[in-house]
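Report on the structure given below.
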């Protein structure tokens, strides 16, 4: 394009713009620029600036080219033209013009600074970073020589930021600290010192720098925010929150501070978390993470419907795969908690692809968005192994340096003293917690001639009887709740622990980073996490041949297995609950108080599971049972109340015609006077298990009928059920009321009278709970995650259960308990067998009473409840482990 044409074009630009956008520019047209008679570079640069400000970048560049042609010897023109080219995303041409400006005027600091900034922005190699650094250093030297120290500091600050962006933190720190020496009270410099130290994980020094920045400029909210997040990472949460609240007071529009407050207040003060999340949303209403945090706050406040709404909104707005996955799994979990299964089919279809995409996108040192509890509930076995490996990889990444440091500093491992092995148990659950209740006698039952027992408590004492018992009966109890993971690992190494047992895995409040540092030569997983850890720093897992069947080991376990001869699931009932008596009088009293039929007048089927552990599939089976055993009732606990309004209206695969019980239940009960075929009295069924049902469970190709058809069939049959057995009910526990309305609505839609669902309160007193459990007749286990503690609870109360083991370890625990009792009659292998066996028992009271008597008789001498015997069996295997280790033999399964 010739020069005259360019000038003519510039004359026409204002007119063309006004013609194209008459509504916008009619009142304020662009000024006429670049008069033809004026070729002066200054006017051309002014015109270019106005064009750029109007968004006409190509035209601005063209005007800048004219200016450069008009003044080829002007460094200032070359510099301004370079900036226009940079704005137009033409970095190579911009660099040429900056080099030209510097050739024309070597002491032009602005050109050197612009060159350094541009080089740094596009640097992809160390050499390019160094070239950028040299240019910025030159700019700073020129300004210093001129006596403009303020400008020199700006260029020095830019140099430090350059190093910081390219993760050359040592270089950045030197630059910033040198600048601070020259200007000790400049807030931005001190803030950048803090930022660099924080990136280097030198938190105490970073906090000190931020405090100096705050002192230099007390009204700068950013410095207080940075100080707050640094104090949080140091574990000083109270001080951190104080600084964050100061930051938002100074600058209410600082959304990231509101979000940080929301996260920190979530467990401390949920109402404050809700306020902070709401404030962040008001500032950025389309930010998916703000909606997610709003959901977290609502969930903590038990406003579960509001939480679900927020999670779903977050899922809709999320663009990042990590944000989408996080919102997806929280929405799924909340839907399960509420028994709102309206999205179940869609969630099940979306889950594999979403999970695979996130796992493929994860970088080293990061964990999947799905939480461990969600993973073990909803992820199929093969994918669960992959997710769990990611948790373990995160721990390894986080503890790599600490593990190496511990190994260098600690010296050789100590051999057993006096032939006694030192065994350490690590948990946050020593106290009033299911694990603490089950294992409270284990430390005291170890043979002191062979074992020295140290307990490492990750939480302070709750002064519960269980905690006090452990404190009395172990050799040493160390409260390590206030210590860092590294300090705990060093303590364990100094204590000379030979075998360290993790009782938590990836459960809440666990500290796998202690084990990641390998403080003990042999490290064992047990109890808290009912699955493999897939962690290279965990050598063994305590299990049995039911939960860890040999054919499942390659796909589901990374550890070598310590096989217990009976069930791996230790308990304490013989020591702590032997005085509980379940007489007919007591049972009738409990039933009357709960609104249940008297003994012999109705069979009570119970399930004491938390409601998020139910799914549509198993609940449909229960509804089938109620239809086929019309004199039964279902007894559940109310875990939160909201889910009862959302249960699907009818049963999947519902069938009433031509279905006869399989021979299997009759064969299993042959010893229980099965020759007598009598119609049972009205029956009540209970399900109090804490086990959870997972997505993807298969029943062998049976697909549910359409929901409308299910509702119609169930409604017709429900009326018949009411006419035939109006006194039958279903007994659940009330875990807070959140599921109850949904459950009742679903019974109504299925044509089952609301009176057949009985909701009982959750009892805090364990003995009262065990006493009440004995009032039930039969426990209905959940399938994809069994009742664990709840299943062994009911066995101790002489209440049998029916269970279906699948493949994942948490689906096989109840079967392990049944085999150890022994009472294999309780274990079936399909949902159809499950349904048929329950119906056979619920409709033949002789069979049912015989099975109850069998459980009651066998529990008296069962290895399942013999805690001392369990400890002796474990000790034999631990001694064998140490002999293998001492001999340098490879790890192997221990029988």
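Glycine is no exception: its Cβ is also placed from the backbone N, Cα and C atoms.
In TrEMBL this protein carries:
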SIGNAL    1-18  signal peptide
REPEAT    75-108  repeat 'TPR'
REPEAT    153-186  repeat 'TPR'
REPEAT    187-220  repeat 'TPR'
REPEAT    221-254  repeat 'TPR'
REPEAT    288-321  repeat 'TPR'
DOMAIN    338-576  domain 'O-GlcNAc transferase C-terminal'
DOMAIN    591-640  domain 'O-GlcNAc transferase C-terminal'
DOMAIN    721-874  domain 'O-GlcNAc transferase C-terminal'
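Away from its own ends, the repeat 'TPR' (288-321) comes close to residues 255, 259, 262-263, 266-267, 270-271, 273-274, 276-278, 280-281, 327-328, 330-331, 334-335, 337-338, 340, 354, 357-358, 361, 640, 642, 736, 738 of its chain (Cβ-Cβ under 8 Å, at least six residues beyond either end). Taking Cβ pairs closer than 8 Å, the repeat 'TPR' (187-220) reaches residues 153, 157, 160-161, 164, 167, 169-170, 172-173, 176-177, 179-180, 226-227, 230-231, 233-234, 250 in its own chain, all 6 or more past its ends.
Tertiary proximity for the repeat 'TPR' (153-186) is limited to same-chain residues at least six positions away from its ends with a CB under 8 Å from its CB atoms, namely 109, 113, 116-117, 120, 123, 129, 132-133, 136-137, 139-140, 143, 192-193, 195-197, 199-200, 216. Sorting each residue of the repeat 'TPR' (75-108) by its DSSP state yields 27 helix, 0 strand, 7 coil. For the domain 'O-GlcNAc transferase C-terminal' (591-640), the number of residues in each DSSP class (helix H, G, I; strand E, B; coil) is 20 helix, 11 strand, 19 coil.
In the predicted structure, the repeat 'TPR' (221-254) carries a mean pLDDT of 94. Counted with DSSP, the repeat 'TPR' (288-321) comes out as 28 helix, 0 strand, 6 coil.
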